[in-house]
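What TrEMBL records for this protein:
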- Glu139: active site, proton donor/acceptor (ACT_SITE)
- Glu236: active site, proton donor/acceptor (ACT_SITE)
- 23-251: domain 'Xylose isomerase-like TIM barrel' (DOMAIN)
Amino acid sequence: MTPRFAANVSILFTEWPFLERFGAAAAAGFDAVEFWWPEQPLEAVAEAARGHEVVLINFDGGALAAGERGYLNDPAREERWRAHVPEAVAFARTVGCGQMNALVGLALPEVPRAEQLARAVEQVRFAARAAAPITVLIEAINTLDHGPYLVSSTAEAAAFARAVGEPNVALQFDVFHMARMGEDVFAALREHIDVIAHVQIADHPGRGEPGSGSLDFDALYALLDELGYDGWVSAEYRPTGATEASLSWLR
């Protein structure tokens, strides 16, 4: 069965202003969209998203452009997180989104790793309880491009999700990040499919569109079908040229 494809409009269709990317993605053939926590006014984003299926929104991840990847491990920003979660959940409900991704954070050199993980687990637990029945996702991110991210393997992400202990917490499996870390993405999917609720794709090496690297996406889609995965497959890649010119894999 052909996967259902969504476009991450925070990284794709950047030739358009953000609020116009929803329509551009639909016109290009995507069935749905996802995006990182927006910089634009939420009311304007909700209006732009009207009539489009939004399948994933990231919680606030801090200063992404400056290299941050979440801050749930940082005790100095717990109050910020606790204030943000209700706003983010309300926005997700407004646009009809059923999944939210919580970035954990880069390791703090002065705090023991176990302490940071425990704090991040508690922050995700707080978000999951506030968001239910929305699913809160945990994503492993490669440490080669993004610094000392606390959760950098599928096994670590699965263990983290299980430590949270809430029924609406699952994994977001990013094919590029795990390939970049040297994982056998096919083996990882087989082992952890029971806790994977969302899949993101980009080719490796390079993080370009499918076909720009060495990953076998036909085999990947066949495996997802074999494993009974019925969630979304979202394109979160950096096009090697114009976005529309990068979509031959979709057609």
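Residue positions begin at 1 at the first shown residue.
Using the three backbone atoms N, Cα and C, a Cβ is placed for every residue, glycine included.
Automated prediction, rather than curation, is the source of TrEMBL annotations.
Taking all protein chains in view, 24 other C-beta atoms sit within 10 angstroms of the C-beta of Glu236 (active site, proton donor/acceptor). Mean model confidence of the domain 'Xylose isomerase-like TIM barrel' (23-251) amounts to 98 (pLDDT, 0 to 100 scale). Long-range Cβ neighbours of Glu139 (active site, proton donor/acceptor) (same chain, at least 6 residues apart, Cβ-Cβ under 8 Å): Asn101, Leu103, Val151, Ala157, Leu171, Gln172, Phe173, Asp174, His177. In the three-state DSSP scheme, Glu139 (active site, proton donor/acceptor) is classed as strand.
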